[in-house]
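Engineer: Sharing a structure here in structure tokens format.
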Amino acid sequence: MFLRTQMEQSQADIFALIKPHFGVMESSASYLPGFFMTFLLLQTTVLTQAMSLDIQINIQVPDTEGVLLECTSGSLIPPAEMTWRDSKGNIIPHSTTFDSQDRAGLLYLKSSILLKNRVQSPITCSIYNVTTNREKKRSVVLPDILFKSEYMSLMSNKFSCPLTYLFIIIFLNCLKGMLDFCCLKGKPVYFRELINKIKEVLNIKMRACCTLIWEFLLIVLYIAFLPFYLKFRSRASILDDAYPLHSNWLWDICIVLSVLMIFFTGLSLFLLWTLNCYGQMSYLPSMSMDLSKHDFEQNSSKSSEFQENYDVSCEIFLGTFEETIFSQHQESCIEDSFNPLQPLRLDCSLNWKT
């Protein structure tokens, strides 16, 4: 009766601890710290299955070899011994055991067993005191999913999965910051030339698609975290009275976060598409005006060059024509001056008049 009262009191304390989260509905942003903290706690260990002031049983999945059960108890009057039994009362040999005494002479016991195959639940940890001839027991029910290979592989990668996820997020943020810095400052030149080559290769549509993919890749990773967490959460069962309430609360929070992320992602895409269309429409008239102005300037420059060439050619032609006439008249004048059949006279008045 005393143990039952203590167990009910511990369950009431757990429910009182999480009850304020169910009564008042706050903004979704305030749940994010608890949301990620719960995930980290579940990554570290599965919460305690059975607790009391005397006996405590913990369930852990250290690797893919099996399920590890730990039973601890303190403040015992020596001598005392701890044993594990299955549902049929058969003794399960323990893997490790540890005992110690404090200054008051009270005994502290700790024992663990490694279950590689599914056993018939419940599993009982009992402590028998030889002096008082009394026995204390605590039982725990193991779900079948704990012995499935999918759950064991997921729990064995409990540190690699979050670290890989965080590494990808940090790498993408750092890469984006470096590219933005290089675009703004123009240094180093290698990155600037690389970006210019990429822009030259890609056309307008492909460039817009790459921009959208780059901007919303992090949002997609954030949204993809929720199904991963829910998949893990559904496998890591917590067998206590507050488990249904806790699971429903997490489901509601995940649904709210998913709806908000999808809504704001769609809104951002729509605004970006609208701005892109407006920018193209405003760019076409300015481009046509620039082209017409450029054609006019080019035609005017060509006409001025043609006029200059025409004037130069006319001047050259007139100059050569005058030189030709002057040379002809000079030759005729020389022939008339040195004709031996005529008297010596010079009559070049016509040449001077011309």
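Quick reminder: no glycine exception, Cβ is built from N, Cα and C everywhere.
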Engineer: Quick one: which of Asn129, Asn299 has N-linked glycosylation site in Swiss-Prot?
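Structural biologist: According to Swiss-Prot, the N-linked glycosylation site annotation belongs to Asn129.
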Engineer: On the question of membrane sidedness, does Swiss-Prot record Trp249 and Leu106 within identically named topological domains?
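Structural biologist: In Swiss-Prot, Leu106 shares its side of the membrane with Trp249.
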Engineer: What does the structure give for the C-alpha distance between Asn129 (N-linked glycosylation site) and Cys71 (disulfide bond)? Integer Å is fine.
Structural biologist: 16
Engineer: So if I measure Cβ to Cβ from Cys71 (disulfide bond) and keep only same-chain residues at least 6 apart in sequence, which ones fall under 8 Å?
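Structural biologist: The answer is Ile55, Gln56, Ile57, Met82, Trp84, Leu109, Lys110, Ser111, Ser112, Cys125, Arg138.
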Engineer: Starting from the Cβ of Cys125 (disulfide bond), draw a 10 Å sphere and report how many other Cβ atoms land inside it.
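Structural biologist: Here the count is 27.
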Engineer: What's the number of neighbouring CB atoms sitting within 10 A of the CB on Asn129 (N-linked glycosylation site)?
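Structural biologist: Looking across every protein chain shown, the total is 16.
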